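Visitor: According to Swiss-Prot, the substrate binding site annotation covers ARG26, GLN27, ALA28, GLY29, ARG30, ASP76, TYR151, SER205, HIS321, on the basis of sequence analysis. The feature site 'Transition state stabilizer' is assigned by Swiss-Prot to ASP76, with sequence analysis given as support.
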Amino acid sequence: MSTPPPKLLRALAGETLERPPIWFMRQAGRSLPEYRELRSRAKDFIAFCLDPEMAAEATLQPMRRFPMDGAIVFADILLIPLALGQDVWFEAGEGPKLGELPPIEALRDQVEASTGRLSAVGETLARVRAELEPDRALIGFAGAPWTVATYMLERKGSEREAARAYAYAHPDELDALLDVLVDATARYLVMQAKAGAQALKLFESWAESLSEDVFERIVVRPHAAIVEKVRAAGVTVPIIGFPRGAGAQVETYAEGVPVEGIALDVQATAALGRRLQAQGRCIQGALDNLLLREGGPALDARVDQLLAQWGDGPWIFNLGHGVLPDTPIENIARVVSRVTGKPVR
């Protein structure tokens with residue numbers, strides 16, 4: 001008898017399951033003591049991400065601790081600009097820093113070689129797939145072009161205003177940068193699928209505060225182009241798009257980007273999720289990560305509410321944003337147990 005596909009892949013294929021599959025963004029990270037110990041052994045964060053042994057271990061740590069249905073490869077969205085030739089480093093307490101943005105032509109010249117420079121991520125995926133149980137799905141990911149471009153332009157990880165202003169003042173230059181990132185990102189995702197990723201996710205962390213025309217130009221169009229390129233390369237694994245902060249424009253995104261799954265943030269209404277499900281889309285989300293951190297009866301009530309409002313359609317239980325570093329492990333265990341019905345030690 002053949003083994004059925006993992007629950008997560010069945011949901012992305014449009015199935016309504018007896019319970020939603022579950023995984024959390026940033027489930028591997030500083031909320032886990034074993035992660036903090038592992039991270040202390042690396043000289044810096046970029047080296048940590050590009051060490052397949054360490055990155056594979058970080059990916060697997062939450063899978064050993066919790067009965068999650070999906071493992072997301074441990075990496076970072078800023079590996080793409082690094083591979084394209086822009087300096088990237090992380091400073092303690094300050095987050096990412098980036099060097100001067102190279103000329104567009106210089107970036108374009110590096111696209112073909114960029115995937116090879118990220119081969120360590122492929123090795124990480126292969127290592128994880130070899131150890132991960134067959135009923136648990138392995139997820140690859142990349143930052144979406146606009147989000148990555150904001151870091152490349154701002155050269156840090158805080159404000160977005162300068163990048164948004166650049167989108168208005170220099171539309172042709174931004175479009176050229178996004179085109180480079182579309183090509184590099186599609187190649188990177190294809191590599192991840194070939195290395196063992198069974199689903200792929202595009203993180204558009206900064207889809208908020210964009211007018212309708214700009215949203216179409218710098219979010220919808222690049223995402224659709226990436227999906228087209230990935231499919232043209234023969235990759236058939238499901239893709240999840242995450243236009244975080246898009247609000248009502250999530251439906252514009254759904255109309256324009258042919259992804260199998262759409263991740264929702266905490267703004268998403270029950271009705272929005274149900275409309276997407278009725279269109280045959282799998283939705284993912286959307287527990288508030290702050291509520292996960294705070295815990296208590298309100299957490300239980302919200303989990304139950306989400307199960308009731310979206311449980312009758314294809315849905316993956318997740319957060320609206322990543323696990324916060326100071327989230328108590330017992331709160332994560334509590335939610336996972338409540339959703340899966342499995343005890344968590």
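Residue numbering: from 1, along the chain as shown.
The backbone N, Cα and C atoms fix where each Cβ goes, glycine too.
Please go over these features one by one and say how buried each is and what sits next to it.
Guide: Note: ARG30 (substrate binding site) has non-local neighbours ARG36, ARG39, PRO325, i.e. same-chain residues 6+ apart with C-beta under 8 A of its own C-beta.
For ASP76 (site 'Transition state stabilizer'), applying a Cβ distance below 8 Å and a minimum sequence separation of six or more within one chain yields PHE45, ILE46, CYS49. For the recorded site, ASP76 (site 'Transition state stabilizer'), the DSSP three-state label reads coil.
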Visitor: Among ARG26, GLN27, ALA28, GLY29, ARG30, ASP76, TYR151, SER205, HIS321, listed as contacts of substrate, what is the widest Cα spread in Å, to the nearest whole number?
Guide: 23
Visitor: Mind giving me a neighbour count for ALA28 (substrate binding site)? Other Cβ atoms within 10 Å of its Cβ, every protein chain shown.
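Guide: For ALA28 (substrate binding site), the 10 Å Cβ neighbour count is 24.
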